[in-house]
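Enquirer: I'd like to ask you about the structure that follows.
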Amino acid sequence: NVLVPPCSGCYSQSGNTCYYDVYKCPS
C-alpha cells in the first residue's frame, strides 16, 4: 500500500487523500 504523507497546515485528510480545509484556514 502507498502511504499518504501527513496532512498539515491548512490540509485535512479524507480517506487516502489530503484536501484544503477552509475551516482550518478561513479567508
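In case you wondered, yes, glycine gets a Cβ from its N, Cα and C as well.
Sharing the record's features from Swiss-Prot:
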MOD_RES   Pro6  hydroxyproline
DISULFID  Cys7-Cys18  disulfide bond
DISULFID  Cys10-Cys25  disulfide bond
Enquirer: CB neighbours of Cys10 (disulfide bond) within 10 A?
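Expert: Counting Cβ neighbours of Cys10 (disulfide bond) within 10 Å gives 14.
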Enquirer: Tell me the Cα distance separating Pro6 (hydroxyproline) from Cys18 (disulfide bond), rounded to the nearest angstrom.
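Expert: Distance (Cα to Cα, whole Å): 8 Å.
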Enquirer: Using a 10 angstroms cut-off on Cβ to Cβ distances, just flag whichever of Cys18, Cys25 is the loneliest among these disulfide-bonded residues.
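Expert: The disulfide-bonded residues Cys18, Cys25 were compared, and Cys25 has the fewest Cβ atoms within 10 Å.
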Enquirer: Could you list the residues of the same chain, at least six apart in sequence, whose Cβ is under 8 A from the Cβ of Cys7 (disulfide bond)?
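Expert: Residues satisfying the criterion: Gln13, Cys18.
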Enquirer: Could you tally the C-beta atoms, other than its own, that fall within 10 angstroms of the C-beta of Pro6 (hydroxyproline)?
Expert: 8
Enquirer: Name the secondary structure element type, per DSSP in three states, that contains Cys18 (disulfide bond).
Expert: strand
